[in-house]
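J.: Annotated region 'Disordered' per TrEMBL: 1-40, 188-219, 421-456, in sequence order. The domain 'PPIase FKBP-type' annotation in TrEMBL covers 83-182. According to TrEMBL, the feature compositional bias 'Acidic residues' maps to 430-445. Look at TrEMBL and you will find 447-456 tagged as compositional bias 'Pro residues'.
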Amino acid sequence: MSEHFVPPQTKFVAPDPEEVNPKYSRPKANPNFDEFDPASSPFTSSQGYFDITPSGDGGVLKLPVHVPSDPQDDMRQINPVEGCMVDVQYVGKLLNGEIFDTTRDIYKGVCIGGTDDPKSFMLLREKVVQGFDMAVATMVVGEISSFVVRADYGYNSALPESLPKVGVGDTLIYEIELMKFNPQPTPRFPSQEELAISKKERQEEAEEELRQNPPIPYPDRCKAALEEKENGNKLFQEGDYEGAKKCYDSGFVNIFIHRDEWAHLVSKEDKKMFNDVKGVLHLNRCMCRVKMEKWDDAIWDADRSIEFKPDNKKAHYRRCLIYTGFLTRELDKETKGAFWDIEKAKKFAKKARDDLDLAVSLNGGEQDAGMKRAERDLQNKSKLLKKYEGNYKVGQKKLYAEKMMGTLNEKYEKLKVKEAVKKKNKEKDELDDMPELDDSGDEEGPPAMPPPPPSS
């Protein structure tokens, strides 16, 4: 038996307030009702009901009808708590015995019109009237009990349209059977007051954290990022491109600024300082990815670096290398016999040329050693592209002649043969339709003339 079960004729003792969830928002005492006196109430004095309300105001009275006694079943030893999904069968009656609501089809041998489908609801979440919630919270699985619910714990003011028999101030009598419940309660969604309190607490914690651990000044953060850049440069010189990239990544971590802070707290001068550092990190990480031939990642870094400093000749030179890499990747597909897009390759070649020309222009019109290598490589790839394009056009014409026109000529020849056969068959049909000539008298000569008429 549950430790919270209250046997008949025993006064209900309210549990520890810390164990009661939720703390009911409705008033525990209603001034419209007289103070509850168990001795004067017919339900408690003569019928064996007892009060289960925490305040002891007699708003909900209980009388166990059937109490299960199976100590082996754990579910018969505990009560459902707030948030548990419960399934119940019930019959609701008025004081005059008239049934106003039910889930049962047969009650005491009489059909009362229910469906026998249990009612499922989340306990103590105001899904039913308060008295019904309080009643089910005192039950165990398999228990059947009768409850008297006073109007202030039932339908005292808001009368449901689905229960036309219930009137204002009516006392309700429920006979409830707890069929089952889920012992894992659903967490309760916090109220607006609780949300406000939680938000205030988080703000206070954040302010205290800020006092205990003040943020690193922006110049120091940029300095740390540049130190990571120098470490990456050393690894790059040693050929460790992956290690160098990780150093540049760490540099970005040092200068990460949340967008809200960036928009409202960072000054114009500090933004320029951060952007200068970002441009350098993007430029160096771009070169690492070029060495590793990760062209798709490298182009992103190159574009970002140019955004921060449009007249950076190194950024345009490196973007030329990336577009040349894209072009090489497309040309390699030709040797592998894979499909590739000539127009896309021509676009890459043009972009590489534009970036290289701009880099030379920003360098005073002269090419340094790297630009000269890029120029030779781009020229060779462009010549190869023209060669492949010429081969493609020749192949395209041959294919057109052999496949498309050949097929059309073959169809035309077949059509001419078909038309000739059709014409011949038509002429034959016309000859077959002509009538036959009667030449049976040709052997005997012309027919004889009729004899002359007799003379008078």
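Yeah, the Cβs are placed from backbone N, Cα and C, and that goes for glycine too.
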J.: For the region 'Disordered' (188-219), jot down how many residues DSSP puts in helix, in strand and in coil.
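T.: Split by secondary structure, the region 'Disordered' (188-219) comes out as 23 helix, 0 strand, 9 coil.
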J.: Roughly where does the domain 'PPIase FKBP-type' (83-182) sit in mean pLDDT, to the nearest integer?
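T.: On average, pLDDT over the domain 'PPIase FKBP-type' (83-182) sits at 92.
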J.: Taking helix as H, G and I and strand as E and B in DSSP, count the residues of the domain 'PPIase FKBP-type' (83-182) in helix, strand and coil.
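T.: Counting residues per DSSP class in the domain 'PPIase FKBP-type' (83-182), I get 10 helix, 38 strand, 52 coil.
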